[in-house]
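*Asks:* Quick one: the structure is below, and I'll ask about it shortly.
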Amino acid sequence: MRKTFLSQNPSVMWFIAFLGLFTLAVAIGSEATGTGLISTSMVKTLGKTLCLCLIAIAMDVVWGYCGILSLGHFAFFGIGGYAIGMWLMYARTEGIVMTSLEGHVIPPTPQEVQDAIGNQIFGVVGSSDFPWLWAFSDSLFLQLLMVVIVPGLLALVFGWLAFRSRVTGVYLSILTQAMTLALSLWLFQNDSGLRGNNGLSGLQNIPGYEDTSQATTSLVFFMGSALALALGYILFAWVVSGKMGSVVQGIRDNEARVRFLGYRVERYKLFIFTLTAVIAGIAGALYYPQAGIINPAEIAPIASIYLAVWVAIGGRGRLYGAVIGAAFVSLLSSWFTGGGAPAINLGFYTILWTDWWLVLLGVSFVCVTLFFPKGIGGLFDYLVRKPS
Amino acid sequence: MFRHLLMLLCWVGIVGAAQAQDLQPVLQGHAEEIAKPSRSSVSVALDDLAASGAPQVSVFLEQWQDKGVWQREADGVFFFGTETGDDLTLRDIDTGAESSAPTNGFSQLKPNGGVRRLIGTALVQFQLTDPDLARRQSAVDSIARRPEADQLGPLRASIEAEPDAALKARKIQLTNFLSASFGDTSEERIAAITSMATDTSIEARAVMNQILSTKTATPSQTPSGNVARVLTSGDDLSQADAYAQLVAAGLAPTIISAAAIREALAAHVVGGRVGGIPTSQLDTDAGRAKAYAALAAAGTVPPLVTELDQQSAVADMNFYEVYDEPDSAVTDAARATLDSIETRVAAAQTVDLTLDALSLASIYFLAAIGLAITFGVMGVINMAHGEFIMMGAYTGYVVQLFVPDYTLSIIIALPLAFAVTFAAGVVMERLVIRHLYHRPLETLLATFGISIALQQLAKNIFGTQARPLTSPGWLDGAWVISDVIQISYIRIAIFVLALLFLGLILFVLKRTRLGLEVRAVTQNPGMAASMGINPDRINMMTFGLGSGIAGIAGVAIGLYAKVTSEMGADYIVQSFMTVVVGGVGNVWGTLAGASLIGFLQKGIEWFNPSNTLAAQTYMVLFIILFIQFRPKGIVAQKGRAAAD
Amino acid sequence: MNDTLLEVSGVSKSFDGFKAINNLSIQIAEPELRAVIGPNGAGKTTFMDIITGKTRPDSGHVVWGERNISLLGMSEADIANEGVGRKFQKPTVFEAQTVRQNLAMALKNPRGPLAVLLHRKTPSNAARIEGIAAEIGLTESLTRIAGELSHGQKQWLEIGMLLAQEPRLLLVDEPAAGMTVEEREKTTDILKRAAKTRAVVVVEHDMEFVRRLDCKVTVLHEGSVLAEGSLDHVTSNPKVIEVYLGRGHA
């Protein structure tokens, strides 16, 4: 079945092939393999970009295919990051605490170990007790499960409430934005149990692999991200092709018609919303160990809007468009804001791109919406179809 | 006793003011205490000074307090003196005759802070009857700041002759406070306390609370003293706290803490064993307890206080708090009065909260009404609405750079902000929105693009730090109704502005040609067009109007909050919620939405005052749930059109 | 005699005090072809909305099938799955998808997300699609994007989608609007053929089109039934004449 599906969708094959070559090239060029053509920080940036591409295709499915402009998918991304971050932080702190307690005449009791870890982690918010949220943080397996379950469950409950009462269009967008806002405000509180605005940090250190260099770790995560993107791409391409794709796009174009054809539109929306939320959570769980730190500002509503911007610029309704958009805009953004772009001297005024990049992005975004509703991906389509 | 003397003194002071009496002899009688005063010794001298009844006493005390009294070293006579270079200008204390002398032979009296305060207290008695109103005022204020028992007499005596009505009322109130705390008899105090039942001032509450102050009493089998509250172990008091009280009172042995056990064990390791137990087994609480028990049995460490020991120690004891005030009749009266005051305070707080919520609702209304017009009437989501608010606020700031008069600048800024944002809105409608009608999600995104561009642009022009938008002087301050209820004028102004806008918008929509055309286009664009209405023009005007109002809201918001490039973003989500909760396409709906959200936010903040973040979280969650049950908002559009 | 498939009795619905439907009672048999006519605002569209679950009536009953199920309170999708198909006034097909995809989506098959996700193309489904395409005259256009079709073809495609649903009751709202004469004839044929095996209710303005359908006619006025019978019978009814002409004079 997979075979027929792939042969029917050559663009998926092309994408996987390209991604494979790209991964291979980065692996060869990375410091971990000794050539050192690509710096470790660059490998991390590329790995993070792949994660952003993964959430971008999720966003594309939910918005470009199903027509739900969710301004909340970055919240799911963040939840995934927090879920894995809890384990990373707990396990690493446990290691540090055990080392510091070693050699004492009287061996520590489990309670003492727990208290010391709690003190280390929650000292910054003036607490030392473990909140109930951290109940499973000592188990990698359970926290990995959380990466999938928490975003999925939240999306399921929220989506069920919203779709059941037939909130659609702009209202739904604002509702998802409200959800994101509520989540980030909650996380900003010190007593949320997730270290308030300090967030979780030190996530780049993988417990159990303290002796492994960051060059190797980052390459492993890069390849992991590439694999996740490839699998995610195939999954979504499979979902949006065939009859499911027909129904989902039908919902986007004319919800009432689909309903009168006898499809329970709410269930389909819920399925898509939840599935993409889970993938967003996975993307986040891969992203934040590479970023090293996660804090509530990452989840602010603006992040989810940027996600929509990437997909729109890349081109909605085509998965590779979302990948192009996310990669292009996020890399360009870090180039501009990182001071990589040369300043332009107008004689009377010097344009510093750190100041003007957002203006440029905003204006170009308006232009894309107005003049190229199909985005960069649409241009790509045009070029590919031209010769035939 | 002293009080009677003072009363006599005051009486003497009033009746026999003319009677000349020399102060110097009295001073010489206490020369030692006056020249080298200490807090303990000076009070006798002060009493005698006051008792002398000499009119110069208050002047002397003031000078003494201000280090203006000098003593001639040769014979110990006191003078008022002013230092000029090496010389002193001296004034005789009784006659006022001036003379001059070199500083050498004199020493300045420098009472320390504690003594100066005592002098001040003594002075108050004189100042209370001073002919100068300001000095009487300050004397009363000083009593209010530091009420003391011996001030009651002079204060009470000064009421009768007080010419100023307001000050007289204040003196009576203060006398009540003092007699409540320091009255001679229980009856007097209870009468004073009862008379305060309607006084919601913070001072009155402080007096009551002071009378009702309690301390933890030593635990005992039978409570004694004026018992405020008996604490039951488990409910009011945890067992650990109860036991800690026993320990503090020396009635029970100290608990050996987990850390102390650990240290004790570590100190007694012998050959890898503690009390015969290998250290490797000490990684559990049970193991440690066992080892410690072995040590205790050998007598090397004090025995462990077990949970059971604590329980039995606590069980047959009573834990209670007693009032500092021994008289239970007084404390009962104070409790009753405080309850009555607190009921009134609660009522007043409700009023205050309502006013607060009302002003917050006005702000949300102002911020959202422009959005309601563009969103409701045209179905256009304008994510840059917040940036229009910001633009209005910066317009106000720029106007103030050129027009220094704040009143005038605000009068200029309001229409100018409207004009600027109206123009910006029209330009945006022409260039962007017009091409995106019937594609609401795309409009949302395009206007978001404009929003980030405008925000960054403002940052580039005005910098990242907050800019001031100063309100005119007559808007400073607050309308103080009582200690509990007060509302700043600026919020009243915003409330009035919101009302004005409500009226104005209703007028424009319901009574003008433009409003008629707007409603026509909203209901049926095709039909409107065929009636000769140009929908293009109407859309442009509507969008301009909505944006212009945002500009004015910006000036209003800028007056009480800071003007930053991000201020718009702070309001945009709330504004959307206001519109959505209220019901789209209806001015009254926006009003209802703004009120609901304003009151809700204040209400939640009241329940949880320390945590505004939590308040916002709960509010957003509430709104999400609210939309579940009323997807069309409070004031839903009705009719068949609404079904789709 | 035919069995009653749908029984609407005593249904009322008002919007803001305006009575769109007022104590309306209609019975539809299976098979049957029925035309519903009436002036603007007679409640024709609301009548369809109530049957298909889009609008809840204030009072009355809508009873369906042999087991006398009440359609009130059921969701649109459930009612559709019970066998009620609805065609909107404006052609609503999925313009971004091919004709084949449109028909495949409508084809009577399990409607759950999981079943749809795991759905595979089968020869029998393909044959059914071909059959319907032939019926509506779109065999040549199966691979075309629906958005490229002409107005009439879109109307037929929508009817085809309804047929693919295999409904027992077909509600058709002004199918002939905007069609050329030939297209109307073809539409009439499709509807008449469909009505041989199922109930078809056609709401129409156009008297000529109704005459061509040659069936029982129900005249709605102010939300209730004014007259019922053959076209000639109802057009000779003085009340009907008054309603139509009265409106015409105003």
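Cβ coordinates come from backbone N, Cα and C, glycine included.
Caution: TrEMBL annotation is automatic and unverified by curators.
According to TrEMBL, the feature transmembrane segment maps to A:45-66, A:73-90, A:140-163, A:170-188, A:219-240, A:268-287, A:293-312, A:319-336, A:356-384.
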*Asks:* Mark yes when the transmembrane segment (A:170-188) and the transmembrane segment (A:45-66) have three or more Cβ pairs under 8 Å (sequence separation 6 or more) and no when they do not.
*Replies:* no
*Asks:* Below 8 angstroms Cβ to Cβ, which residues of this chain, lying six or more residues outside the transmembrane segment (A:73-90), approach it?
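*Replies:* Distant contacts of the transmembrane segment (A:73-90): 55, 58-59, 62, 117, 121, 133-134, 137-140, 143-144, 146-147, 150-151, 154-155, 179-180, 183-184, 187, 194, 200-203, 205-207, 276-278, 280-285, 287-289, 291, 294, 296, 298-299, 303-304, 306-307.
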*Asks:* Is it the case that the transmembrane segment (A:219-240) and the transmembrane segment (A:140-163) touch, counting contact as three or more CB pairs under 8 Å in which the residues of each pair are 6 or more positions apart?
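*Replies:* Answer no, regions not in contact.
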*Asks:* When you look at the transmembrane segment (A:140-163) alongside the transmembrane segment (A:268-287), do they share 3+ Cβ pairs under 8 Å, ignoring any pair fewer than 6 residues apart in sequence?
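*Replies:* The transmembrane segment (A:140-163) and the transmembrane segment (A:268-287): touching, yes.
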*Asks:* Kindly say whether the transmembrane segment (A:356-384) and the transmembrane segment (A:293-312) touch, using the definition of 3 or more Cβ pairs under 8 Å where each pair is 6 or more positions apart.
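*Replies:* Yes, the transmembrane segment (A:356-384) contacts the transmembrane segment (A:293-312).
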*Asks:* So, taking each listed stretch (A:170-188, A:293-312, A:319-336) in turn and counting its Cβ pairs to the transmembrane segment (A:140-163) that are under 8 angstroms, which one gives the highest count?
*Replies:* A:170-188
*Asks:* Near the transmembrane segment (A:319-336), which same-chain residues lie under 8 Å Cβ to Cβ, leaving out any that are not at least 6 residues past its ends?
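*Replies:* Residues 11, 15, 45, 49, 52-53, 55-57, 59-61, 64, 229, 233, 236-237, 240, 307, 309-313, 353-354, 357, 360-361, 374-378, 380.
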*Asks:* Do any residues, 6 or more residues outside the transmembrane segment (A:170-188), come within under 8 Å Cβ-to-Cβ of it, and if so which ones?
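*Replies:* For the transmembrane segment (A:170-188), the list is 68-72, 74-75, 78-79, 82, 158, 162, 194, 196-197, 296-297, 299-301, 304-305.
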